[in-house]
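Quick notes on the structure that follows.
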Amino acid sequence: MATGADVRDILELGGLESENTGTINKKDIINSDKKKSKKSSETLTFKRPEGMHREVYALLYSDKKDAPPLLPSDTTQGYRTVKAKLGSKKVRPWKWMPFTNPARKDGAMFYHWRRAAEEGKDYPFARFNKTVQVPVYSEQEYQLYLHDDAWTKAETDHLFDLSRRFDLRFVVIHDRYDHQQFKKRSVEDLKERYYHICAKLANVRAAPGTDLKIPVFDAGHERRRKEQLERLYNRTPEQVAEEEYLIQELRKIEARKKEREKRTQDLQKLITAADTTTEQRRAERKAPKKKLPQKKETEKPAVPETAGIKFPDFKSAGVTLRSQRMKLPSSVGQKKIKALEQMLMELGVDLSPMPTEEIVQMFNELRSDLVLLYELKQAFANCEYELQMLRHRHEALAKAGSLGPVGMEGARADGQAGLSAEEGKGDAKDQIIDVVGAPLTPNSRKRRESASSSSSIKKVKKP
């Protein structure tokens, strides 16, 4: 018959009260799960000591919370491979043996350790001894082809002997050259004589009909190069600073030239756009008005492409509002939008008219023309300001005596007077702009743009 201890053992129950009495209580059966979890949590938790880093504490125990090993162990699992496999074979014997270097001509004997199987073989590093093949000429060849009044036979032989000894290192050859016995020569003279003889011998000894790669040495170019390098090295700090200043001024001139070219292109685009828009308006007025079907009216572009504002075309499927065609594109800046609104208010035009088909088209064309007018007036003000600045600069230079006097009588406010006196001096003015001209400051640009915008708004009158 099973006793209470057997039942507790089966149910994994414990407790002092149940062990002492030998009976099962109601609390033992109900609270059995809590006791298990509490017991397991007490046995599995390990508190990290204070002051110990987390990485160091993680090295003390593995994932199974086992105790750290007393000795370092190495397993064969993973990517680690054995570095050396020692077998039972005999090692190859080494021997202390003499050797000679074929690159040396004195027959010196040296000793080193080498495998016994390689005894009697050539020195392995002798293959790195590369020598230059210096041509050899005979007495007859020298008298027929190589004779030179500035060089003697003994001096030429001395040059080729040094070339063989020092492997065409002409700086070393020039240092070892016998300047006491022979005439004093420069490095370029030695190179020129050597390569001239090599080219002459190659032409004489070559078979007819063969293509030769004859070495050519330009002694004059080498002398000029060294002279220029010496001048560059001997420059004073003042000369270096002056050169840097001139380079910076050249970069400024090129930048201003590019900026002027860009402004000229933008101005030409504006003028072309204004002319194209005017021609289209005249053509539309002269053409007879015909009533077209309503389906074809939607296919007509609302605004010509050359206008100041290019409104987007709504060709997507679905329902759209006609008032969306009156919305200004994001390419128009806030400054132009404010100027456009002010011009419309001065003209007495509603900013948000009734969006019928005809009103939308005419309203978009009107705003496009106003923006184009605003850009043209702004460009005109810029050109006029620059013209006045150049005139003042020209007058200042003329007073200083560097240029001749220029008549400026009859100058008008629109910037068109006095041009006849300066037409013949266009090239000189371009030179003045390139060399002396200075770019405008940001503050002057802002003042000029604000003045041009206000003047363009005031000059627009209601028709």
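Numbers here mean position along the shown chain, with the first residue as 1.
Keep in mind that glycine also has a Cβ here, set from the backbone N, Cα and C atoms.
Marked as compositional bias 'Basic and acidic residues' by TrEMBL: 257-266 (among others).
Feature annotation from TrEMBL assigns compositional bias 'Basic and acidic residues' to 422-432 (among others).
Residues annotated as domain 'DAMP1 SANT/Myb-like' in TrEMBL: 123-201. Across the range of the domain 'DAMP1 SANT/Myb-like' (123-201), the DSSP-based residue counts are 49 helix, 2 strand, 28 coil.
Residues or ranges marked as domain 'DNA methyltransferase 1-associated 1' by TrEMBL: 242-401. Along the domain 'DNA methyltransferase 1-associated 1' (242-401), the predicted structure has mean pLDDT 77.
Residues or ranges marked as region 'Disordered' in TrEMBL: 257-303 (among others).
According to TrEMBL, the feature region 'Disordered' maps to 409-463 (among others).
Summarised by DSSP class, the composition of the compositional bias 'Basic and acidic residues' (257-266) is 10 helix, 0 strand, 0 coil.
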